[in-house]
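Student: So TrEMBL says this about it:
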- 1-20: signal peptide (SIGNAL)
- CYS30-CYS46: disulfide bond (DISULFID)
- 57-209: domain 'Cupin type-1' (DOMAIN)
- ASN103, HIS108, GLU113: oxalate binding site (BINDING)
- HIS106, HIS108, GLU113, HIS155: Mn(2+) binding site (BINDING)
Amino acid sequence: MKVVYFVVAILAVTSSVVSAYDPSPLQDFCVAVKEIDGVFVNGKFCKDPKLVKAEDFFEHVDPANTNNPLGSQVTPVFVDQLPGLNTLGIALARIDFAPKGLNPPHTHPRATEILIVLEGTLYVGFVSSNQDGNRLFTKVLNKGDVFVFPIGLIHFQLNVGYGNAVAIAGLSSQNPGTIIIANALLKATPPISGEVLTKAFQIDQNTLDYLLKQSWYDNN
Ligand code: MN
């Protein structure tokens, strides 16, 4: 009997490890409604299922304007844009690139990303953790090519083609989160102490002052 309990315990542990990153839904849908003032939950409150309609599961995405310092623009379709995604553990983003446009090094704390190129040529990559030696994995992707960026790892996409580029990213969370590395460190509010940043990057105060003066555009 003890062996049976042990097997059940092992199954319980391993099955939770292989499940989706977001918690699994316990009903057909839980269309998000706005937070109740001062009450916060992990996810969003559910709309009355009887009032749910097709529009709750629908969103339209147009090509984005890439006329900005990065030459790229991300259009998220996360739970905040598409309330029907609540509890479903999935989201999407469209990424538009001007020639030489960059989606700068960033991470998604809650999602793995799978990206398909619809148009153009992208140089993409991610870096593994310190424990793995910070190895860089890169690839040049053309129309139809697909690449995966594992959850939490720093990654980027650069348009190396002659024209515009377009990609669609699937993300394994209703609310993946995005942390652009440079912006998070150099545009934090309130600012991170200069002593921390000069030591971390091994730069002097003048170099840090130069960096802090830049625009650090957020393309999300
Ligand atoms: Mn990404």
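Glycine residues also receive a Cβ, built from the backbone N, Cα and C atoms like all the rest.
Those TrEMBL annotations? Automatic predictions, nothing curated.
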Student: For Mn(2+), what surrounds HIS106, HIS108, GLU113, HIS155 with a Cβ no more than 8 Å from their Cβ centroid?
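Tutor: Those within range, site residues removed, are THR107, ALA111, PHE126, PHE149, LEU153, ILE154, PRO176, THR178.
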Student: If the oxalate site is taken as the center of the Cβ atoms of ASN103, HIS108, GLU113, which further residues of that chain fall within 8 Å of it by their Cβ?
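Tutor: Neighbours found: ALA93, HIS106, THR107, ALA111, LEU115, PHE149, HIS155, ALA169, LEU171, PRO176, THR178.
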Student: Consider the recorded positions CYS30, CYS46, HIS155 and say which one has the Cα lying nearest the Cα of HIS108 (oxalate binding site).
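Tutor: Closest by Cα: HIS155.
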Student: Which of the recorded positions CYS30, CYS46, ASN103 have a Cβ less than 6 Å from any atom of ligand 1?
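Tutor: Within range of ligand 1: none.
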Student: Within 10 Å of the Cβ of HIS155 (Mn(2+) binding site), how many other Cβ atoms can be counted across all chains shown?
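Tutor: That number is 23.
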Student: Within 10 angstroms of the C-beta of CYS46 (disulfide bond), what count of other C-beta atoms is obtained when all protein chains are considered?
Tutor: 17
Student: What's the number of neighbouring CB atoms sitting within 10 A of the CB on CYS30 (disulfide bond)?
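Tutor: CYS30 (disulfide bond) is surrounded by 21 other Cβ atoms within 10 Å.
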Student: I need the nearest neighbour of ASN103 (oxalate binding site) among the recorded positions CYS30, CYS46, HIS155, using C-alpha distances.
Tutor: HIS155
Student: How many other Cβ atoms sit within 10 Å of the Cβ of HIS108 (oxalate binding site)?
Tutor: 23
